[in-house]
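Here is the structure we will look at.
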Amino acid sequence: MTNIRKTHPLAKIINNSLIDLPAPSNISSWWNFGSLLGICLGLQILTGLFLAMHYTADTATAFNSVTHICRDVNYGWVLRYLHANGASMFFICLYLHVGRGIYYGSYLYKETWNMGVVLLFAVMATAFMGYVLPWGQMSFWGATVITNLLSAIPYIGNDLVEWIWGGFSVDKATLT
């Protein structure tokens, strides 16, 4: 009798992708980080969407909305901590994925490596926006410190920082 995972149309797709995947026998666990990145990204998107349903960006009520999420929303505290720790796990997996690429010499494939560098910069820019956009003192500090690095650019650095800040300093809510 044949196994259902090899005969059922939907189970067959999953079986061929995960269980009976044709992969070399010498592949190591270092090659799992791309899949782990996908799982972490999916977790971030889902928890971020559910958190955004209850978050308020107004400066007067932002902290209260986070308190509301943690206390009043069913498993809101789990969503918040999964989102926060999922971001850390995402970057751990990302750096290990890049480290594996360096170790195995993937940088020799120039087009692939350059695309990875572009993706790394895009991920870092997205993470910066996710860190700075929600209102709070910590995001003001993050915006000030990280964007102040631009002031090191000769000639245009100070003007660039002032343009990004919209003035002489970071002020008010950044999500409105």
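Glycine is treated like the rest: Cβ placed from N, Cα and C.
Listed features, source Swiss-Prot:
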type: BINDING; residues: His83; note: heme b b562 binding site
type: BINDING; residues: His97; note: heme b b566 binding site
type: TRANSMEM; residues: 33-53; note: transmembrane segment
type: TRANSMEM; residues: 77-98; note: transmembrane segment
type: TRANSMEM; residues: 113-133; note: transmembrane segment
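Of all Cβ atoms in the shown protein chains, 20 besides its own fall within 10 Å of the Cβ of the residue listed as 'heme b b566 binding site'. With respect to their backbone Cα atoms, the residue listed as 'heme b b566 binding site' and the residue listed as 'heme b b562 binding site' stand 21 Å from each other. In this view, His83 (heme b b562 binding site) is surrounded by 18 other Cβ atoms within 10 Å of its Cβ, with every protein chain counted. Distant neighbours of the transmembrane segment (77-98): 30, 33-34, 36-37, 40-41, 43-44, 47-48, 50-51, 66, 69-71, 116, 120, 123, 127, 130; these residues of the same chain sit at least 6 beyond its ends, with a Cβ under 8 Å from one of its Cβ atoms.
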